[in-house]
Amino acid sequence: RIMRPDDANIAGNVHGGTILKMIEEAGAIISTRHCNSQAEEPCVAALARVERTDFLSPMCIGEVANVSAEITYTSRHSVEVQVNVMSENILTGAKKLTNKATLWYVPLSLKNVNKVLEVPPIQYTRKEQEDEGKKRYEEQKLDRLETKQRNGDVIFSVFNPEPHTVGYSQSSLIHLVGPSDCTLLGFVHGGVTMKLMDEVAGIVAARHCKTNIVTASVDAINFHEKIKKGCVITISGRMTFTSNKSMEIEVFVDADPFVDEPRERYRAVSAFFTYVSLSKEGKPLPVPQLLTETEDEKRRFEEGKGRYLQTKAKRQAQMQQAAQ
């Protein structure tokens with residue numbers, strides 16, 4: 001579809017959340033189709049996880065986004081989907097790859113939202129494809145478990161914070177989940193949640209550097225629990241790390257069921273977003289150094305630095321391998 005002004009920021013760059021929402025829609029369609037191809041019981045595929053995705057090139061108002069999806073692995077109860085996003089300038093015909101993403105879905109019964117159904121297997125062209133897919137499956141399963149175990153943090157308001165501190169830029173958004181946000185089963189579309197998370201992360205980044213900002217990458221997004229229609233969700237974001245030209249923002253979503261639900265507030269989704277600051281000409285700008293004040297903030301900064309260096313080393317290794 002063509003990118004409109006309401007898909008973009010004031011500089012004309014399409015929001016990362018808009019692209020993430022399109023990616024998730026494509027993944028949900030193909031995985032739901034596949035899971036119903038041989039199913040005795042109708043189901044809807046629910047998003048469980050999005051692997052790290054890099055925004056390789058910015059997309060602008062007026063360009064056409066072409067999103068394609070392919071199923072690359074199936075386990076007994078999950079589906080791995082690879083999604084590519086191409087942008088096309090319809091005036092010049094120029095095309096470029098903007099995103100590559102890997103998503104994991106689980107099929108939930110239309111009759112019982114808590115029942116996970118079995119996934120029909122796919123045919124692999126070679127044995128190595130299945131082995132590589134199984135390895136990716138085991139890795140993401142372990143990472144999801146580790147992420148859920150460290151999800152106890154909350155964000156508290158800071159009175160009169162200093163500029164460039166964590167408290168100065170941290171932000172929250174409260175949203176009532178309505179029917180238009182939900183699937184046929186009455187729980188929130190993963191793409192809707194990711195779009196809201198990107199909005200909050202973008203506000204944090206803009207508050208910190210007060211320039212035009214764009215999403216550079218998103219670390220793995222883990223969907224720990226379903227969010228039902230009627231819940232009030234709080235999307236919270238805070239700065240965790242800054243390098244010279246990028247900033248990492250932790251975003252998590254907490255759900256408060258209050259319609260026919262006695263359950264207490266719970267952590268539903270968590271992720272790390274990376275943003276860069278751009279000039280009016282679209283050139284990268286230096287990012288103000290994050291000022292850490294508490295021991296927790298210093299710990300999170302070091303953890304973010306570790307993720308940054310790990311990603312940087314991996315990118316350099318890939319570039320060297322491509323050059324060979």
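Even glycines carry a Cβ here, placed using N, Cα and C.
Just so it is clear, the model here is predicted, and its values are computed rather than measured.
Listed in TrEMBL for this protein:
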type	residues	note
DOMAIN	1-111	domain 'HotDog ACOT-type'
ACT_SITE	N9	active site
DOMAIN	167-281	domain 'HotDog ACOT-type'
ACT_SITE	D198	active site
REGION	295-324	region 'Disordered'
COMPBIAS	296-306	compositional bias 'Basic and acidic residues'
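In this structure, the C-alpha atom of D198 (active site) lies 12 angstrom from that of N9 (active site). Each of the active-site residues N9, D198 was scored by how many other Cβ atoms lie within 10 Å of its Cβ, and the smallest score goes to N9. The average pLDDT computed for the domain 'HotDog ACOT-type' (167-281) is 93. With a cut-off of 8 Å between Cβ atoms, the residues of this chain six or more beyond the region 'Disordered' (295-324) that come close are 166, 217, 219, 240-241, 243, 246, 248, 250, 272. According to DSSP, the secondary structure content of the domain 'HotDog ACOT-type' (167-281) in residues is 26 helix, 54 strand, 35 coil.
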